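Asker: I have a structure I would like to understand better, so I am pasting it below and will then ask my questions one at a time.
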Amino acid sequence: MASPAAASPARRLSVIFSSTKPRARPPKPAPAPKAPAGQAVAKPDERCESRNLTKILQVIFRERDPDKLVSQFIAESTASERFRNKHRVYDVAVARLASFGRHDGIAAIIDSQKPFIAASSVGFAARLIRLCGRASMPSHAAAIFHDLPPKHKSSMTFNALLAAYLDASDFDALATALQEIPATHPTIAPTIYSHNILISALCKKPDLSAAVDVITLMEKRGITPDIISFNILLNGFYSNDRFDDVEKVWEMMKERNVEPDARSYNAKLRGLVSQGRVEDAAALIERMQKEGPKPDSVSYNELIRGYCNEGRLNEAKKVYDNMIKNGYAPNRGTFHTLVPHFVEAGELDHALSCCHEIFTRKCRVQCSLLQGVVTALFAASRVEEAKRIVHLGRENYYPRKGLRMPPRTRKDEGLKMPQPGGEGNDVEAGTDSEDSVSYEDGCEQEEESKNGQ
(Lines of atoms letter the chains of each structure in order from A and count residues from 1; the text may use other names and numbers.)
(Lines give C-alpha, C1' and ligand atoms only; values in the text may rest on other atoms or scores of the structure.)
Protein backbone atom coordinates (compact mmCIF):
# COMPACT_ATOMS: atom_id res chain seq x y z
CA MET A 1 0.00 0.00 0.00
CA ALA A 2 1.42 3.38 -0.96
CA SER A 3 1.79 5.87 1.88
CA PRO A 4 0.35 9.39 1.61
CA ALA A 5 3.90 10.70 1.55
CA ALA A 6 4.90 8.51 -1.39
CA ALA A 7 6.86 10.51 -3.94
CA SER A 8 6.24 10.49 -7.69
CA PRO A 9 8.29 7.94 -9.76
CA ALA A 10 10.42 10.75 -11.22
CA ARG A 11 11.17 12.13 -7.78
CA ARG A 12 12.04 8.67 -6.41
CA LEU A 13 14.44 8.15 -9.31
CA SER A 14 15.97 11.56 -8.67
CA VAL A 15 16.68 10.52 -5.08
CA ILE A 16 18.37 7.32 -6.25
CA PHE A 17 20.90 9.35 -8.20
CA SER A 18 21.86 12.05 -5.56
CA SER A 19 42.64 -14.11 -29.87
CA THR A 20 69.52 -39.80 -53.72
CA LYS A 21 69.33 -36.90 -56.07
CA PRO A 22 72.00 -34.28 -56.13
CA ARG A 23 71.58 -32.23 -53.05
CA ALA A 24 70.46 -28.80 -53.95
CA ARG A 25 71.55 -25.91 -51.88
CA PRO A 26 68.79 -24.81 -49.60
CA PRO A 27 67.44 -21.42 -50.54
CA LYS A 28 68.50 -18.52 -48.45
CA PRO A 29 65.98 -17.80 -45.77
CA ALA A 30 63.78 -14.89 -46.55
CA PRO A 31 64.58 -11.84 -44.48
CA ALA A 32 62.32 -11.43 -41.53
CA PRO A 33 59.65 -8.84 -42.17
CA LYS A 34 60.33 -5.54 -40.53
CA ALA A 35 58.06 -4.59 -37.73
CA PRO A 36 55.92 -1.51 -38.25
CA ALA A 37 57.35 1.70 -36.90
CA GLY A 38 57.11 1.86 -33.16
CA GLN A 39 56.50 -1.89 -32.81
CA ALA A 40 59.24 -4.17 -31.47
CA VAL A 41 59.98 -7.54 -33.10
CA ALA A 42 58.99 -10.42 -30.81
CA LYS A 43 62.04 -12.10 -29.30
CA PRO A 44 62.42 -15.92 -29.41
CA ASP A 45 61.83 -16.20 -25.67
CA GLU A 46 58.67 -14.13 -26.01
CA ARG A 47 57.37 -16.43 -28.75
CA CYS A 48 58.17 -19.45 -26.58
CA GLU A 49 56.34 -17.87 -23.67
CA SER A 50 53.34 -17.22 -25.89
CA ARG A 51 53.23 -20.88 -27.01
CA ASN A 52 53.51 -22.05 -23.41
CA LEU A 53 50.68 -19.74 -22.38
CA THR A 54 48.48 -21.10 -25.15
CA LYS A 55 49.08 -24.65 -23.91
CA ILE A 56 48.31 -23.61 -20.34
CA LEU A 57 45.06 -21.97 -21.40
CA GLN A 58 44.04 -25.07 -23.37
CA VAL A 59 44.60 -27.25 -20.31
CA ILE A 60 42.43 -25.00 -18.17
CA PHE A 61 39.69 -24.75 -20.80
CA ARG A 62 39.49 -28.56 -20.91
CA GLU A 63 39.64 -29.14 -17.15
CA ARG A 64 36.38 -30.50 -15.76
CA ASP A 65 37.51 -31.29 -12.21
CA PRO A 66 36.56 -28.19 -10.21
CA ASP A 67 39.31 -28.58 -7.60
CA LYS A 68 42.00 -29.01 -10.26
CA LEU A 69 40.53 -26.09 -12.18
CA VAL A 70 40.81 -23.80 -9.17
CA SER A 71 44.35 -24.85 -8.26
CA GLN A 72 45.59 -24.61 -11.88
CA PHE A 73 43.96 -21.24 -12.39
CA ILE A 74 45.38 -19.73 -9.21
CA ALA A 75 48.87 -21.09 -9.89
CA GLU A 76 49.00 -19.74 -13.44
CA SER A 77 47.25 -16.43 -12.86
CA THR A 78 49.45 -15.46 -9.94
CA ALA A 79 52.59 -16.34 -11.91
CA SER A 80 51.85 -14.59 -15.20
CA GLU A 81 50.65 -11.11 -16.01
CA ARG A 82 49.95 -12.22 -19.58
CA PHE A 83 47.60 -14.86 -18.22
CA ARG A 84 45.75 -12.19 -16.23
CA ASN A 85 45.19 -10.25 -19.45
CA LYS A 86 43.26 -13.15 -21.00
CA HIS A 87 39.65 -12.24 -20.29
CA ARG A 88 38.00 -15.30 -21.76
CA VAL A 89 39.68 -17.77 -19.42
CA TYR A 90 38.26 -15.91 -16.43
CA ASP A 91 34.75 -16.04 -17.90
CA VAL A 92 35.00 -19.76 -18.67
CA ALA A 93 36.45 -20.71 -15.29
CA VAL A 94 33.83 -18.79 -13.32
CA ALA A 95 30.95 -20.06 -15.47
CA ARG A 96 32.15 -23.65 -15.11
CA LEU A 97 32.56 -23.42 -11.34
CA ALA A 98 29.14 -21.78 -11.06
CA SER A 99 27.60 -24.69 -13.00
CA PHE A 100 29.08 -27.02 -10.35
CA GLY A 101 27.74 -24.82 -7.56
CA ARG A 102 31.30 -24.19 -6.42
CA HIS A 103 31.08 -20.62 -5.22
CA ASP A 104 33.91 -21.39 -2.80
CA GLY A 105 36.16 -22.06 -5.80
CA ILE A 106 35.06 -18.79 -7.45
CA ALA A 107 35.77 -16.90 -4.23
CA ALA A 108 39.23 -18.52 -4.04
CA ILE A 109 40.03 -17.43 -7.61
CA ILE A 110 38.79 -13.88 -7.03
CA ASP A 111 40.67 -13.56 -3.73
CA SER A 112 43.89 -14.73 -5.38
CA GLN A 113 43.63 -11.82 -7.85
CA LYS A 114 43.26 -9.06 -5.26
CA PRO A 115 47.02 -8.53 -4.68
CA PHE A 116 47.35 -7.55 -8.36
CA ILE A 117 44.57 -4.95 -8.45
CA ALA A 118 46.61 -1.93 -7.35
CA ALA A 119 49.29 -2.46 -10.03
CA SER A 120 46.78 -3.38 -12.77
CA SER A 121 44.50 -1.25 -14.89
CA VAL A 122 41.10 -0.14 -13.69
CA GLY A 123 39.66 -2.52 -16.27
CA PHE A 124 41.10 -5.49 -14.39
CA ALA A 125 39.29 -4.42 -11.23
CA ALA A 126 36.06 -3.87 -13.14
CA ARG A 127 36.34 -7.32 -14.66
CA LEU A 128 36.66 -8.99 -11.25
CA ILE A 129 33.60 -7.11 -10.00
CA ARG A 130 31.53 -8.19 -13.02
CA LEU A 131 32.61 -11.82 -12.58
CA CYS A 132 31.19 -11.79 -9.07
CA GLY A 133 27.86 -10.57 -10.37
CA ARG A 134 27.71 -13.26 -13.06
CA ALA A 135 28.34 -15.84 -10.36
CA SER A 136 25.50 -14.37 -8.26
CA MET A 137 27.94 -13.18 -5.59
CA PRO A 138 27.00 -9.49 -5.24
CA SER A 139 28.44 -9.13 -1.74
CA HIS A 140 31.86 -10.15 -3.08
CA ALA A 141 31.48 -7.59 -5.87
CA ALA A 142 30.71 -4.88 -3.32
CA ALA A 143 33.67 -5.89 -1.13
CA ILE A 144 36.06 -5.61 -4.08
CA PHE A 145 34.74 -2.17 -4.99
CA HIS A 146 34.93 -0.78 -1.48
CA ASP A 147 38.49 -2.12 -1.00
CA LEU A 148 39.75 -0.58 -4.24
CA PRO A 149 42.57 1.97 -4.06
CA PRO A 150 41.30 5.52 -4.67
CA LYS A 151 42.69 5.65 -8.23
CA HIS A 152 40.46 2.70 -9.22
CA LYS A 153 37.25 4.08 -7.75
CA SER A 154 35.89 5.48 -10.96
CA SER A 155 32.73 5.53 -13.04
CA MET A 156 33.97 2.35 -14.72
CA THR A 157 34.23 0.30 -11.52
CA PHE A 158 31.06 1.93 -10.22
CA ASN A 159 29.17 0.82 -13.31
CA ALA A 160 30.72 -2.65 -13.00
CA LEU A 161 29.27 -2.86 -9.50
CA LEU A 162 25.84 -1.75 -10.71
CA ALA A 163 26.00 -4.35 -13.49
CA ALA A 164 27.00 -7.00 -10.95
CA TYR A 165 23.93 -6.19 -8.87
CA LEU A 166 21.81 -6.37 -12.02
CA ASP A 167 23.30 -9.75 -12.99
CA ALA A 168 22.53 -11.03 -9.50
CA SER A 169 19.03 -9.46 -9.51
CA ASP A 170 19.83 -7.59 -6.29
CA PHE A 171 17.76 -4.53 -7.12
CA ASP A 172 17.65 -3.09 -3.61
CA ALA A 173 21.44 -3.08 -3.36
CA LEU A 174 21.61 -1.51 -6.81
CA ALA A 175 19.32 1.33 -5.75
CA THR A 176 21.31 1.85 -2.56
CA ALA A 177 24.61 1.97 -4.46
CA LEU A 178 23.17 4.52 -6.91
CA GLN A 179 22.19 6.74 -4.03
CA GLU A 180 25.16 6.38 -1.70
CA ILE A 181 28.31 5.89 -3.80
CA PRO A 182 28.16 9.12 -5.89
CA ALA A 183 27.30 11.00 -2.70
CA THR A 184 30.39 9.72 -0.86
CA HIS A 185 32.78 9.70 -3.86
CA PRO A 186 32.65 13.11 -5.61
CA THR A 187 34.81 11.81 -8.52
CA ILE A 188 32.14 9.25 -9.41
CA ALA A 189 29.21 10.49 -11.46
CA PRO A 190 26.50 8.29 -12.99
CA THR A 191 26.95 7.96 -16.76
CA ILE A 192 24.59 6.96 -19.54
CA TYR A 193 25.68 3.38 -18.86
CA SER A 194 24.62 3.77 -15.22
CA HIS A 195 21.19 4.94 -16.29
CA ASN A 196 20.83 2.09 -18.79
CA ILE A 197 21.59 -0.38 -16.02
CA LEU A 198 18.87 1.23 -13.92
CA ILE A 199 16.41 0.96 -16.80
CA SER A 200 17.32 -2.72 -17.16
CA ALA A 201 16.77 -3.31 -13.45
CA LEU A 202 13.39 -1.59 -13.44
CA CYS A 203 12.28 -3.56 -16.52
CA LYS A 204 13.43 -6.77 -14.90
CA LYS A 205 11.64 -5.96 -11.66
CA PRO A 206 9.27 -5.09 -13.49
CA ASP A 207 8.38 -1.44 -12.86
CA LEU A 208 7.96 -0.23 -16.44
CA SER A 209 6.49 3.14 -15.53
CA ALA A 210 9.56 3.99 -13.45
CA ALA A 211 11.81 2.65 -16.23
CA VAL A 212 10.27 5.15 -18.68
CA ASP A 213 10.73 7.94 -16.14
CA VAL A 214 14.49 7.34 -16.21
CA ILE A 215 14.54 8.79 -19.74
CA THR A 216 13.20 12.08 -18.42
CA LEU A 217 15.61 12.00 -15.50
CA MET A 218 18.57 11.49 -17.86
CA GLU A 219 17.56 14.50 -19.92
CA LYS A 220 17.21 16.65 -16.82
CA ARG A 221 20.78 15.71 -15.92
CA GLY A 222 22.06 16.63 -19.38
CA ILE A 223 22.48 13.03 -20.53
CA THR A 224 21.01 12.11 -23.91
CA PRO A 225 19.34 8.67 -23.99
CA ASP A 226 20.75 6.47 -26.73
CA ILE A 227 19.35 3.64 -28.84
CA ILE A 228 20.40 1.18 -26.13
CA SER A 229 18.23 3.00 -23.59
CA PHE A 230 15.16 2.62 -25.77
CA ASN A 231 15.93 -0.94 -26.83
CA ILE A 232 16.04 -1.94 -23.18
CA LEU A 233 12.61 -0.38 -22.72
CA LEU A 234 11.23 -2.09 -25.82
CA ASN A 235 12.47 -5.46 -24.57
CA GLY A 236 10.96 -4.76 -21.17
CA PHE A 237 7.51 -3.91 -22.53
CA TYR A 238 7.34 -6.73 -25.09
CA SER A 239 8.64 -9.37 -22.68
CA ASN A 240 5.89 -8.37 -20.26
CA ASP A 241 3.19 -8.48 -22.97
CA ARG A 242 2.56 -4.75 -22.72
CA PHE A 243 1.80 -4.33 -26.42
CA ASP A 244 -0.67 -1.48 -25.92
CA ASP A 245 1.67 0.55 -23.73
CA VAL A 246 4.83 -0.01 -25.79
CA GLU A 247 3.65 2.40 -28.46
CA LYS A 248 4.61 5.32 -26.24
CA VAL A 249 8.21 4.10 -26.30
CA TRP A 250 8.21 4.10 -30.11
CA GLU A 251 6.70 7.59 -29.97
CA MET A 252 9.42 8.80 -27.59
CA MET A 253 12.05 7.56 -30.04
CA LYS A 254 10.37 9.39 -32.90
CA GLU A 255 10.14 12.63 -30.91
CA ARG A 256 13.89 12.46 -30.14
CA ASN A 257 14.90 11.43 -33.70
CA VAL A 258 16.28 8.13 -32.47
CA GLU A 259 16.33 5.75 -35.44
CA PRO A 260 15.32 2.17 -34.57
CA ASP A 261 17.89 -0.49 -35.41
CA ALA A 262 17.52 -4.24 -35.98
CA ARG A 263 17.62 -4.82 -32.23
CA SER A 264 14.64 -2.53 -31.75
CA TYR A 265 12.57 -4.64 -34.12
CA ASN A 266 13.97 -7.86 -32.68
CA ALA A 267 12.32 -6.92 -29.41
CA LYS A 268 8.99 -6.66 -31.23
CA LEU A 269 9.64 -9.94 -33.08
CA ARG A 270 10.31 -11.63 -29.76
CA GLY A 271 7.04 -10.32 -28.39
CA LEU A 272 5.04 -11.36 -31.44
CA VAL A 273 6.45 -14.89 -31.34
CA SER A 274 5.77 -15.21 -27.63
CA GLN A 275 2.13 -14.43 -28.37
CA GLY A 276 2.00 -17.00 -31.18
CA ARG A 277 1.63 -14.28 -33.83
CA VAL A 278 4.08 -15.91 -36.24
CA GLU A 279 2.50 -14.53 -39.41
CA ASP A 280 2.83 -11.01 -38.03
CA ALA A 281 6.48 -11.73 -37.20
CA ALA A 282 7.08 -13.00 -40.76
CA ALA A 283 5.44 -9.85 -42.17
CA LEU A 284 7.64 -7.67 -39.98
CA ILE A 285 10.82 -9.33 -41.24
CA GLU A 286 9.61 -8.92 -44.83
CA ARG A 287 9.05 -5.24 -44.16
CA MET A 288 12.53 -4.93 -42.62
CA GLN A 289 14.04 -6.52 -45.74
CA LYS A 290 12.31 -3.96 -47.95
CA GLU A 291 12.42 -0.80 -45.85
CA GLY A 292 15.18 -1.40 -43.32
CA PRO A 293 16.81 -1.80 -40.99
CA LYS A 294 17.87 -5.15 -42.44
CA PRO A 295 17.08 -8.17 -40.25
CA ASP A 296 20.03 -9.89 -38.58
CA SER A 297 20.67 -13.38 -37.22
CA VAL A 298 18.56 -12.68 -34.15
CA SER A 299 15.62 -11.63 -36.31
CA TYR A 300 15.73 -14.89 -38.26
CA ASN A 301 16.19 -16.89 -35.07
CA GLU A 302 13.02 -15.45 -33.60
CA LEU A 303 11.00 -16.39 -36.67
CA ILE A 304 12.56 -19.86 -36.71
CA ARG A 305 11.57 -20.24 -33.06
CA GLY A 306 8.01 -19.23 -33.87
CA TYR A 307 7.65 -21.77 -36.67
CA CYS A 308 9.27 -24.52 -34.58
CA ASN A 309 6.91 -23.84 -31.69
CA GLU A 310 4.00 -24.46 -34.06
CA GLY A 311 5.59 -27.60 -35.54
CA ARG A 312 6.02 -25.94 -38.92
CA LEU A 313 9.52 -27.26 -39.58
CA ASN A 314 9.39 -26.79 -43.36
CA GLU A 315 8.84 -23.07 -42.88
CA ALA A 316 11.58 -22.99 -40.24
CA LYS A 317 14.01 -24.64 -42.67
CA LYS A 318 13.15 -22.07 -45.35
CA VAL A 319 13.91 -19.24 -42.95
CA TYR A 320 17.21 -20.94 -42.07
CA ASP A 321 18.11 -21.22 -45.76
CA ASN A 322 17.17 -17.57 -46.39
CA MET A 323 19.24 -16.54 -43.40
CA ILE A 324 22.38 -18.10 -44.88
CA LYS A 325 21.50 -16.89 -48.39
CA ASN A 326 21.33 -13.33 -47.09
CA GLY A 327 24.79 -13.59 -45.54
CA TYR A 328 23.94 -14.16 -41.89
CA ALA A 329 25.63 -16.94 -39.94
CA PRO A 330 23.53 -19.25 -37.78
CA ASN A 331 24.58 -19.16 -34.14
CA ARG A 332 23.92 -21.05 -30.93
CA GLY A 333 20.40 -19.72 -30.72
CA THR A 334 19.67 -21.06 -34.21
CA PHE A 335 20.94 -24.56 -33.49
CA HIS A 336 19.47 -24.82 -29.99
CA THR A 337 16.09 -24.04 -31.54
CA LEU A 338 16.23 -26.20 -34.66
CA VAL A 339 18.07 -29.36 -33.63
CA PRO A 340 15.79 -30.56 -30.80
CA HIS A 341 12.74 -30.09 -33.03
CA PHE A 342 14.39 -32.03 -35.87
CA VAL A 343 15.23 -34.87 -33.49
CA GLU A 344 11.73 -34.90 -32.02
CA ALA A 345 10.20 -35.00 -35.50
CA GLY A 346 12.54 -37.82 -36.59
CA GLU A 347 14.20 -35.64 -39.22
CA LEU A 348 17.65 -36.95 -38.41
CA ASP A 349 19.22 -35.97 -41.74
CA HIS A 350 18.52 -32.32 -40.95
CA ALA A 351 19.70 -32.71 -37.36
CA LEU A 352 22.89 -34.34 -38.59
CA SER A 353 23.45 -31.57 -41.11
CA CYS A 354 23.11 -28.99 -38.35
CA CYS A 355 25.71 -30.85 -36.27
CA HIS A 356 28.21 -30.66 -39.11
CA GLU A 357 27.45 -26.96 -39.49
CA ILE A 358 28.11 -26.50 -35.77
CA PHE A 359 31.57 -28.06 -36.07
CA THR A 360 32.40 -26.34 -39.37
CA ARG A 361 31.48 -22.93 -37.98
CA LYS A 362 33.21 -23.58 -34.64
CA CYS A 363 29.97 -22.68 -32.91
CA ARG A 364 30.07 -23.85 -29.31
CA VAL A 365 26.81 -25.47 -28.14
CA GLN A 366 25.75 -27.49 -25.16
CA CYS A 367 26.88 -31.11 -25.08
CA SER A 368 23.31 -32.20 -24.46
CA LEU A 369 22.32 -30.84 -27.90
CA LEU A 370 24.89 -33.02 -29.67
CA GLN A 371 24.23 -35.97 -27.37
CA GLY A 372 20.55 -35.88 -28.29
CA VAL A 373 21.46 -36.31 -31.95
CA VAL A 374 23.97 -39.09 -31.20
CA THR A 375 21.41 -40.99 -29.12
CA ALA A 376 18.72 -40.62 -31.81
CA LEU A 377 21.09 -41.78 -34.57
CA PHE A 378 22.13 -44.78 -32.47
CA ALA A 379 18.51 -45.71 -31.82
CA ALA A 380 17.87 -45.54 -35.58
CA SER A 381 20.81 -47.97 -36.17
CA ARG A 382 22.85 -45.21 -37.79
CA VAL A 383 25.81 -46.10 -35.59
CA GLU A 384 28.65 -44.92 -37.83
CA GLU A 385 27.09 -41.48 -38.18
CA ALA A 386 26.66 -41.29 -34.43
CA LYS A 387 30.32 -42.27 -33.95
CA ARG A 388 31.31 -39.52 -36.38
CA ILE A 389 29.58 -36.87 -34.29
CA VAL A 390 31.29 -38.14 -31.14
CA HIS A 391 34.65 -38.11 -32.94
CA LEU A 392 34.13 -34.55 -34.16
CA GLY A 393 33.13 -33.61 -30.64
CA ARG A 394 36.45 -34.96 -29.32
CA GLU A 395 38.33 -32.98 -31.97
CA ASN A 396 36.50 -29.85 -30.84
CA TYR A 397 37.23 -30.43 -27.15
CA TYR A 398 33.75 -31.43 -25.98
CA PRO A 399 34.15 -33.43 -22.74
CA ARG A 400 34.05 -37.24 -22.87
CA LYS A 401 31.56 -37.39 -20.01
CA GLY A 402 29.21 -35.06 -21.83
CA LEU A 403 29.33 -36.56 -25.33
CA ARG A 404 29.65 -40.31 -25.92
CA MET A 405 28.03 -43.32 -27.55
CA PRO A 406 25.02 -44.78 -25.74
CA PRO A 407 25.45 -48.17 -23.96
CA ARG A 408 25.40 -51.12 -26.41
CA THR A 409 25.30 -54.16 -24.12
CA ARG A 410 23.24 -55.31 -21.17
CA LYS A 411 26.33 -54.84 -19.01
CA ASP A 412 26.55 -51.18 -20.05
CA GLU A 413 22.88 -50.38 -19.51
CA GLY A 414 23.61 -49.15 -16.01
CA LEU A 415 25.77 -46.35 -17.35
CA LYS A 416 24.17 -42.97 -16.89
CA MET A 417 24.01 -40.73 -19.90
CA PRO A 418 24.65 -37.02 -19.34
CA GLN A 419 21.61 -34.86 -18.70
CA PRO A 420 21.07 -31.37 -20.07
CA GLY A 421 22.51 -28.71 -17.84
CA GLY A 422 24.87 -31.04 -16.00
CA GLU A 423 28.62 -31.51 -16.08
CA GLY A 424 30.03 -30.79 -19.51
CA ASN A 425 27.15 -28.44 -20.32
CA ASP A 426 28.62 -25.37 -18.75
CA VAL A 427 28.83 -23.66 -22.11
CA GLU A 428 26.34 -20.83 -22.12
CA ALA A 429 22.95 -21.69 -23.49
CA GLY A 430 22.45 -20.69 -27.10
CA THR A 431 21.88 -16.99 -26.90
CA ASP A 432 20.95 -15.07 -30.02
CA SER A 433 23.14 -12.10 -29.30
CA GLU A 434 26.56 -13.62 -29.79
CA ASP A 435 28.47 -16.52 -31.28
CA SER A 436 31.24 -18.46 -29.65
CA VAL A 437 34.39 -16.36 -29.32
CA SER A 438 38.05 -16.99 -28.82
CA TYR A 439 39.42 -16.72 -25.31
CA GLU A 440 41.58 -13.82 -26.50
CA ASP A 441 38.55 -11.71 -27.38
CA GLY A 442 37.22 -9.09 -25.02
CA CYS A 443 38.10 -5.62 -23.88
CA GLU A 444 38.10 -3.56 -20.73
CA GLN A 445 35.74 -0.94 -22.08
CA GLU A 446 32.29 -0.48 -20.68
CA GLU A 447 30.06 -2.96 -22.48
CA GLU A 448 26.51 -2.46 -23.65
CA SER A 449 23.77 -3.76 -21.45
CA LYS A 450 22.73 -7.22 -22.59
CA ASN A 451 19.11 -6.26 -22.35
CA GLY A 452 19.69 -3.64 -25.02
CA GLN A 453 20.86 -6.23 -27.53
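Heads up, the Cβ atoms here are built off N, Cα and C, so glycines get one too.
Any TrEMBL annotation is an automated prediction that lacks curation.
This is the feature table in TrEMBL:
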- 1-12: compositional bias 'Low complexity' (COMPBIAS)
- 425-447: compositional bias 'Acidic residues' (COMPBIAS)
- 1-45: region 'Disordered' (REGION)
- 400-453: region 'Disordered' (REGION)
- 191-225: repeat 'PPR' (REPEAT)
- 226-260: repeat 'PPR' (REPEAT)
- 261-295: repeat 'PPR' (REPEAT)
- 296-330: repeat 'PPR' (REPEAT)
Asker: Counting only residues 6+ away from its ends, which parts of the chain sit with a Cβ under 8 Å from the repeat 'PPR' (296-330)?
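Answerer: Residues packing against the repeat 'PPR' (296-330) from afar: 262-263, 265-266, 269-270, 272-273, 276, 278, 281-282, 285, 288, 337-338, 341-342, 345, 347, 350, 357, 361, 363, 432-433, 435, 453.
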Asker: Count up the helix, strand and coil residues in the repeat 'PPR' (191-225) according to DSSP, in that order.
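Answerer: The counts are 26 helix, 0 strand, 9 coil.
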Asker: Helix, strand, coil residue numbers for the repeat 'PPR' (261-295) per DSSP?
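Answerer: Breakdown, helix to coil: 27 helix, 0 strand, 8 coil.
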Asker: Just give the helix, strand and coil counts over the repeat 'PPR' (226-260), going by DSSP.
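Answerer: Result for the repeat 'PPR' (226-260), in helix, strand, coil order: 22 helix, 0 strand, 13 coil.
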